[in-house]
Amino acid sequence: MINYTKPNMDIWTGRIDDEKNYNAFRWHQWVKPLNLMDETISLDSNQAGVAFIGFLSDEGVRRNLGRPGALNGPKSIRKELCNLPCSFSSNLKLLDAGDIYCEDNDLETAQKSLSLAVSKIMDMGLFPLVLGGGHEVALGTYMGVKTKTNLGIINFDAHFDIRPYKNGASSGTMFRQIADYCKLNELPFNYYCIGIQKRGNTIELFNTADALGIEYLLAKDIEEGALEDAFASLDNFIEKQESIYVTICSDVFSSAFAPGVSAVQPLGLHPSRVLKFFDRIFTHKKVIAMDIAEVSPRYDQDNITSNLAATFIFAAVNSIASNNLKL
Ligand SMILES: [Mn+2]
């Protein structure tokens, strides 16, 4: 596995209320290093674990003529995770598995390395939680996960990211690449998008989405429509899948809450509404991997976008704990 750096634990610092009492712990006291090059861990049957891995790339954003900066997302998100409370059983282990970086604009190699890292993490029985990076992270995560024949992808995003890629892959093409991969390998392409913006996708992309059998909820329908109908559609999709990979593109959120992204969305969704959908997905107990993308610290204000990403990671980790551990 190339383009890998082992975890730097210096970043995991913060408030300490008590040095021994787990109930007073914050994440920086609980996260342990996991060097994917030479360490493995094995969990007891009553334990579960989440491994964070950073994807230091915004090469896809650059190729997509967007605003680079998401390269520094993993560091900034980790900082916001430090002081979160350990509000779950101590049978849930948290690990920092280091970073994959992109070198010499070679996005494809970085994505391949990420997929290797994700599959290594899953081989250890851990849940991979990938910190982007541009949304091109999704191709790497997916290729590492594809262990189940019926893997459903749920993408929180203003964009379909199914653009043609004959002139090069980017942060706008991953799900088209995955669709083609599935076709080539006779796998079903199960893709559901939440928060699609009409102003963010051409007519041709909506036509392609229909042709590929992509299901989606428009942002405006989520803001204005009945939540029960949207939930029923989402539940129906999840019930047909063996397992689920969740990916969040931070431009699904309104720019009022997420200014630090590659492409701002004035009409993006309110985070608390997104969280309702997010939490609902986990209640099905099928989510086996996740990533969060497009946090771009150079455009952020007071780290609120990184903090928002950390908030969704907090929700995910608590759901993983309650789904996998007997309390
Ligand atoms: Mn995206």
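Note that Cβ sites are derived from N, Cα and C of the backbone, with glycine treated the same way.
Summary of the site annotation: TrEMBL records Mn(2+) 1 binding at Asp157, His159, Asp161, Cys249, Asp251. Screening the candidates His135, His284 against this entry identifies His135 as the one listed for that site. Scoring each of the binding-site residues (His135, His159) by how many neighbouring Cβ atoms lie within 10 Å, the top position goes to His135. Around the Cβ of Cys249 (Mn(2+) 1 binding site), the same chain contributes His135, Asn155, Phe156, Asp157, Ala158, His159, Asp161, Ala293, Glu294, each under 8 angstroms and 6 or more positions distant in sequence. The residues near the Mn(2+) 1 site, meaning same-chain residues not in His135, Asp157, His159, Asp161, Cys249, Asp251 whose C-beta sits within 8 angstroms of the mean position of the site's C-beta atoms, are Asn155, Ala158, Ser171, Gly172, Val252, Ala263, Ala293, Glu294, in sequence order. DSSP assigns Asp251 (Mn(2+) 1 binding site) to a helical segment in the three-state reduction.
Taking the mean position of the Cβ atoms of Asp157, His159, Cys249, Asp251 as the Mn(2+) 2 site, the remaining residues of that chain whose Cβ falls within 8 Å of it are His135, Asn155, Phe156, Ala158, Asp161, Gly195, Gly200, Ser250, Val252, Ala263, Gln265, Glu294.
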